[in-house]
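What Swiss-Prot annotates here:
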type	residues	note
SIGNAL	1-19	signal peptide
DISULFID	Cys87-Cys106	disulfide bond
CARBOHYD	Asn95	N-linked glycosylation site
CARBOHYD	Asn116	N-linked glycosylation site
ACT_SITE	Ser210	active site, acyl-ester intermediate
DISULFID	Cys262-Cys274	disulfide bond
CARBOHYD	Asn479	N-linked glycosylation site
DISULFID	Cys518-Cys539	disulfide bond
Amino acid sequence: MHLVRWLICLIQLWIQLGAAGSVTLLDPLLIEIPNGKLRGRDNGHYYSYEAIPYAEPPTGELRFEVPKPYKQQWTNTFDATQPPVLCMQWNQFINGTNKLLGVEDCLTVSVYRPKNSSRNNFPVVANLHGGAFMFGGPSQYGHENIMREGSVILVTIGYRLGPLGFVSTGDADLSGNFGLKDQRLALLWIKQNIASFGGEPENILVVGHSAGGASVHLQMLREDFSKVAKAAISFSGNSLDPWVIQQGLRGRAFELGRIVGCGQASDSVTLKKCLKSKPAIEIVSAVRSFLVFSYVPFTPFGPAIESPDAPEAFITHHPIDIIKRGKFSQVPWAVTYTTEDGGYNAALLLEKQASSGRELIVDLNDRWFDWAPYLLFYRDSMTTIKDMDDYSRKLRQEYLGDRRFSVESYWDVQRMFTDLLFKNSVTVSVDLHRKYGKSPVYAFVYDNPSEVGVGQILSGRNDVYFGTVHGDDVFLIFNVSFVPANRRPDEEIISRNFIKMLEYFALSTDDTMAYGDCVFQNNVGSKHMQLLSITRDGCENKQLNFFI
């Protein structure tokens with residue numbers, strides 16, 4: 001009799017678990033989705049299901065096209081134990097002259113599910129990786145920190161990068177934004193399939209850092225974003241940053257064609273056909289020809305404003321115009337920056353040149369008017385060279401006065417980079433959203449320097465104080481290889497608070513957001529900018545005036 005009761009209870013429990021998804025009691029590694037069955041890996045305190053295709057390979061005739069949903073039916077169990085591959089890229093953080101990484105067939109998602117005996121279902125965090133729209137990948141943003149906390153399912157996404165993902169002639173024939181369209185399809189995949197992994201499709205939070213943060217904002221500017229996500233966070237990147245929506249993309253597209261042997265193309269149709277015939281390695285390796293020095297500008301290929309008649313156009317107006325018209329998804333959004341975000345890419349100016357032994361920053365004294373428009377992304381937005389030179393002169397006077405560029409004046413150069421490339425746009429975007437939006441808008445600034453970060457990596461030195469640079473906050477959420485595994489006690493606390501913040505935001509039933517003991521203040525309806533300051537000592541809500 002007891003055996004019968006036990007079996008009945010077991011069956012009831014199995015039914016309850018089955019109703020929540022396809023994670024079975026007997027074999028949680030075996031998942032069934034519309035394409036068939038897949039098997040993941042048991043990693044001790046979490047399960048992983050990696051490199052699951054969400055789109056057909058963007059190769060051959062599908063190169064430079066809107067991604068097609070993955071339709072293949074698996075006759076055998078799909079092996080989801082292999083790590084995700086990188087999309088083909090010219091990677092800034094590879095030493096040496098050959099910076100080529102990855103493959104063209106790369107449109108996959110990876111799902112990480114914690115083992116947690118206290119819950120069967122989890123809120124979901126979908127991460128769009130950063131990398132200037134040019135490099136990076138899901139495998140470079142580690143999942144161990146989030147899995148350690150055991151409170152959310154994490155999904156990472158691979159999407160096309162560089163010229164393969166963002167080349168554009170500005171018309172319907174080669175519209176661009178293929179990487180953004182990949183992201184969109186992946187988010188739809190998550191919404192439709194995450195319940196099979198024990199995720200809660202009604203509690204999906206989309207986050208991203210740098211270009212990933214800008215991607216999150218661009219995704220949110222589509223009115224249908226609320227169909228795939230509940231809330232969003234843009235860390236140190238949003239669509240109003242000057243390196244996101246750029247002019248001059250059409251010229252770069254045809255220059256790319258000339259470099260790879262499509263110089264005879266005089267129209268978009270011919271150019272596209274020719275580029276499809278070229279090896280992907282040649283197209284991606286051509287990135288080096290668009291760099292003035294080192295990895296400057298860091299985004300030669302990025303998002304474009306598409307023609308309204310482009311196939312499945314992603315964005316057809318400038319983000320500012322979209323926000324002012326109120327034609328964007330009304331979901332809670334948080335946007336952030338670090339106090340010295342401009343350490344990317346300013347720190348590379350402190351690298352000592354092998355030939356002369358002096359820092360690149362010294363060369364700015366003679367090359368400022370040549371390099372500044374590329375470093376700060378106004379090369380294609382000025383009408384005349386005089387306008388460009390006048391602006392370059394104004395910036396130098398504002399931040400350095402009469403001082404020369406040197407190691408001693410580096411801090412002010414970095415401050416310039418922080419303001420122009422990251423910080424100013426946070427104020428502008430929050431101001432616009434509070435005026436023209438309805439859903440809550442939150443903001444925070446992080447000020448707590450890491451022992452090793454982007455500043456040290458780019459400059460190759462540890463004798464300079466960089467402050468809290470680009471990534472110092474996010475790298476406490478997504479562990480990366482160059483950040484020390486042994487974090488300070490204050491960083492451990494902050495890491496846990498950040499991850500708890502993600503869970504809280506994903507689960508919130510009233511659109512509120514909290515970090516530690518601090519509740520974020522909503523900017524909508526506020527006369528002042530509501531900014532949460534996060535430091536090693538805790539958190540504090542501050543009010544600022546809305547001006548640049």
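Cβ coordinates come from backbone N, Cα and C, glycine included.
Taken residue by residue with DSSP, Asn116 (N-linked glycosylation site) is part of neither helix nor strand, so it is coil. Per Cα geometry, Cys87 is the residue among the disulfide-bonded residues Cys87, Cys518, Cys539 nearest to Asn95 (N-linked glycosylation site).
In the three-state DSSP scheme, Cys274 (disulfide bond) is classed as helix. The disulfide-bonded residues considered are Cys87, Cys539; of these, Cys539 has the fewest other C-beta atoms within 10 angstroms of its C-beta. Cα of Cys274 (disulfide bond) to Cα of Cys518 (disulfide bond): a distance of 55 Å.
Nearest by CA distance to Asn479 (N-linked glycosylation site), out of the recorded positions Cys106, Asn116, Ser210, is Ser210. Compared over the disulfide-bonded residues Cys106, Cys262, Cys274, the count of CB atoms lying within 10 A of a residue's CB peaks at Cys106.
Take the recorded positions Ser210, Asn479: by the count of other Cβ atoms within 10 Å of each Cβ, the lowest one is Asn479. Taking Cβ-Cβ distances under 8 Å and a sequence gap of 6 or more within the same chain, the neighbours of Asn116 (N-linked glycosylation site) are Phe122, Gly150, Ser151.
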